Amino acid sequence: MAHTLPPLPYALDALAPRISKETLEFHYGKHHQTYVTNLNNLIPGTEFENLSLEEIVKKSSGGVFNNAAQVWNHTFYWNSLSPNGGGEPSGALADAIKAKWGSVDAFKEAFNKSAAGNFGSGWTWLVKKADGTLDIVNTSNAATPLTTADKALLTCDVWEHAYYIDYRNARPKYLENFWALVNWEFAAKNFA
């Protein structure tokens, strides 16, 4: 089965000025598309040819895994953002964040510290553990919670291509602006 680039849940310029249209043109239109294209070139005639994206991520390794996981990770990232995002979580998710970190601000500080310290290229995730508690997890390269017992709630892409056009090498500045775009509704649905 051929995989396709999922549509963005908003217009290319909808996250500006925090994430520019130019960044999305490259990040979504080039990087994300390339992972889809590479995956489609790698799977014909293999055991992965007719599997869903999630099944491929869970069962593959090497180039197939890297491209499939990056398709999944990026799609999750786009949904973790919203032009109407920001603010604070509510309900059960807010309660779980406060139970773990004491406050939403303390959580954001811990997340930013983790993401800023995520060496090289990767992802920083808010995850729900098997016991129902929350945690912040860094993954490198294409690694994803999808291959673990953790349930991803939201993610921040800390590959340089996610922020270099807008913030150059200032990852902490990108992280500061990330919170104004966070889609807490998406995170809450994943938590439920």
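Just so you know, the numbers here start at 1 and follow the chain as drawn.
Here the Cβ of each residue, glycine as well, is placed from N, Cα and C on the backbone.
Features of the protein shown, as given by Swiss-Prot:
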type    : residues                     : note
BINDING : His27, His74, Asp157, His161 : Fe cation binding site
Inset, instruction - Would you list the other residues of this chain near Fe cation - those whose C-beta lies within 8 angstroms of the C-beta centroid of His27, His74, Asp157, His161 - in sequence order? - result: Tyr28, His31, His32, Tyr77, Trp159, Ala162
Legend entry - DSSP state at Asp157 (Fe cation binding site), helix/strand/coil: strand
Legend entry - DSSP-derived class (H/G/I helix, E/B strand, else coil) of His27 (Fe cation binding site): helix
Inset, instruction - Show which residues of the chain containing Asp157 (Fe cation binding site), separated from it by at least 6 in sequence, have their CB under 8 Å from its CB. - result: His27, Asn73, His74, Tyr77, Trp123
Legend entry - Which of His27, His74, His161, all binding-site residues, has a Cβ with the fewest other Cβ atoms inside 10 Å: His161
